[in-house]
Amino acid sequence: MASGGGYRNGTQKASSLRTSSSFKSKLPPSASSNGRRSSTIDAVYGRVRVSVRLRPRNAEELAADADFADCVEQQPELKRLKLRKNNWDSDTYEFDEVFTEFASQKRVYEVVAKPVVESVLDGYNGTVMAYGQTGTGKTYTLGRLGDEDASVRGIMVRSMEDILANICLETDSVSVSYLQLYMETIQDLLNPANDNIPIVEDQKTGDVSLPGATVVDVRDQQSFLELLRVGEAHRYAANTKLNTESSRSHAILLVQIKRSVPGREADFSAETDHSSHLATNYKPPMLRKGKLLLVDLAGSERVNKSGSEGHMLEEAKSINLSLSALGKCINALAENSAHVPVRDSKLTRLLKDSFGGTSRTSLVITIGPSPRHRAETASTILFGQRAMKVENMLKIKEEFDYKSLSKRLEVQVDKLIAENERQQKAFEAEVERIRLEAQKHVTEAERNYAEALKEEKMKCQVEYMDSIKKLEEKWSLNQQKPTNNVRTDGTCITEEVSELKMLLQNEMQTRKAAEEEINKLKDQQHKFTKPGSAGGNSDILNLQSMLEEEIRQKKRLEEEVIVLRSQFSQLTVEAGQRTSYLDRSRNGTGLPGLDSLSPLRNLHYKDATNGERSSITNLHEQVGLHKILSLLESEDATVRIHAVKVVANLAAEEANQEKIVEAGGLNSLLMLLSISEDETIRRIAAGAIANLAMSEANQELIMTQGGIALLAVTAADAEDPQTLRMVAGAIANLCGNDKLQTRLRSEGGIKALLGMVRYRHQDVLSQVARGIANFAKCESRASAQGQKAGRSSLIEDGALPWIVQNSNNEASMIRRHVELALCHLAQHEVNAKDMISGGALWELIRISRDCSRDDIRSLARRTLISSLTFQAEMRRLRIEL
């Protein structure tokens, strides 16, 4: 121990420690106040900062120690204090800050905690801890709420005020957990039922987490104060000789902050206008995560001074053991020991990052002035001196916010898709308008040219006929002239012949001119329809070419139809020949009228329309159901496929279902489902069974004949989503029967239904959700009638996580069935605790508020109001409907 005039650690050593403790001074110039960091900065070294605070003398000490001077002498301007051994000897210590008994709460916060809070806002981990003897003001310094006097608010309240003032609630988030370490057990102060929270340590990063603790998002200061009041009400405290309300546990307030890095948002918004560079220009925004740990340690005490006995004695032993383990770790770190006993206590495991880790740590030690507790005061001071030697390596936690980028890109893609659809629709409308207008112009031009051509043709024909008529008249006149008028030299005959030749030439020229005019008109019409002609509209010509292409395609399709018809006729003949062959091979036991079933080869299995069902019904009436069912056993796979299609279409009609079952159709379908390896046959057979399962009488037959086991095996083997949809639909129909609940589950129906969600196909999931809703409804009805006790079979089979996950599914059919299933499960009180722990309570609250269907919304609201367990949990969480 040093003499009264000397310093315990040396002035030069303490001075150097104080200089190295400055966190801001270690940062490069790029670490400005706006929160940006250079990417080359990986770690910053900084030791633990320790401040000492002296508590004023209380009334008891004033009365008991009236004749004695205080054992502590402070020199706050030099950041020193002296601890007197006696009237002539004392030890001198130097700290990062020395607070007198008159120091305000605001100054203590600004010196001790505010630098740590600023570091946490920049993405570092931070710890503020109070250590000292019982009754020296640790809880006053950290956890005082200041309801009546705002000036006495502690570090917890002031830290949250600073955090909320420096974040943006639209892009950033703040969450808190409030815990206590009591008798080496971590308990949740916000949820007292959670009284044994495990500590989990990441093997790669070394980070310590408490996954079972309650995490509450904080949006304003008032809600945070309410959380602190709830936590303080559940904290253990007792009356000792040293303090009327002595904390018997270590209180830990965990604040987690997520902040988006400023500067990246502007880059993102500036690039949203360049949609052509979506995949290359977008950079994910940065996200910084900071964790603030505020620790109010229980006070160290001596049993003979505190007067603890009984259970309080055990509490004191546990407190002293954990503080002793913390002291050992501090000593090992201060001496650079190779082994640090972190696992000796849960307290040291929780504070692993605070001492020797990556957290910026600030420690405030509280002492009293009374000479009666000089030994405890000296021990506290030595603890602080050793803690000042511990150095931490501060690391910023910064990562890419891919989730935020994904959401924004989805919004941008949706906008672009909507805009593209609008433009596509406008383009199609414009093309259709131009096509109609061009077609109108072309039709009008063709009509005009046709009329003109017709008129010209008629005119030419009239002129031609007139010329022929004139020639005939002249010919008749020449024939009637007397021969005596003809001269022997032939002059008259020559003149007549010449005249006739001239008339014939004129007629030929007229006819040629008419033909040339007709050809000219045809050329003009051809030029009008020819692409690139002068004066033509290019858009109209393009549309004209498109119309011609459509005409050619139409002709081609008509030719294909003719070919298909010929193939159809040929196949019909082949089917008749094959039927005759089958008749002969069966020793003359052929089925009369089988030739009429030959068109089965060309039936297409579609969603049955009225016309198609009508044709199937006529076929059934003409041929007979027994004959159709006999084809299910045919060796020809094609015949079996067409036959099962016919049966499936008949099963869709309620009037045919009883006839099919009586004729043995159900047995044949189950046999096909069990032995067939053809995916098409299994899919259609499962669809036919699903149609038959709509009848309650058929449901019991399906179960009796082992249908649910066959459906379960098919669900496990099938890969085609449509086959799974049919199987899920059949099981969903069976789930709606109250009498089959136990057998359905025991024979693997529920597990098969839940196993089909692995494909994530919307049609399959819709049928699975419907089956779960039917099963939950039947269970709820059985529970209300007293026929069922205990938890729901769906919860026992692990269906609750999937139900909660899909309760807000984008597909309306899936969401509606899952919401109904949740409401039916919640009606049975024994399921309430499992639903609360599984997150279903929040979904029920959302359904009661936001569901689009009034009946489901009202059902969820009635269920929440009638359940005592849900009401108690909502009161605890302060949720009102």
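Placement of Cβ uses the backbone N, Cα and C atoms for every residue, glycine included.
With a 10 A radius on its CB, GLY132 (ATP binding site) counts 27 other CB atoms from all the protein chains. Annotated ATP binding site per TrEMBL: GLY132, GLN133, THR134, GLY135, THR136, GLY137, LYS138, THR139, in sequence order.
Summarising the annotation, TrEMBL assigns coiled coil to 406-455 (among others).
Feature annotation from TrEMBL assigns coiled coil to 497-574 (among others).
Marked as compositional bias 'Low complexity' by TrEMBL: 13-26.
Residues annotated as domain 'Kinesin motor' in TrEMBL: 47-390.
Residues annotated as region 'Disordered' in TrEMBL: 1-38.
The repeat 'ARM' annotation in TrEMBL covers 623-665 (among others).
Residues annotated as repeat 'ARM' in TrEMBL: 664-707 (among others).
For the repeat 'ARM' (664-707), the DSSP-based tally of helix, strand and coil residues reads 35 helix, 0 strand, 9 coil. There are 22 other Cβ atoms within 10 Å of the Cβ belonging to GLY137 (ATP binding site). There are 26 other CB atoms within 10 A of the CB of GLN133 (ATP binding site), with all protein chains counted. Counting every protein chain shown, the Cβ of LYS138 (ATP binding site) has 27 other Cβ atoms within 10 Å. Within 10 Å of the C-beta of THR139 (ATP binding site) there are 24 other C-beta atoms, taking all protein chains into account.
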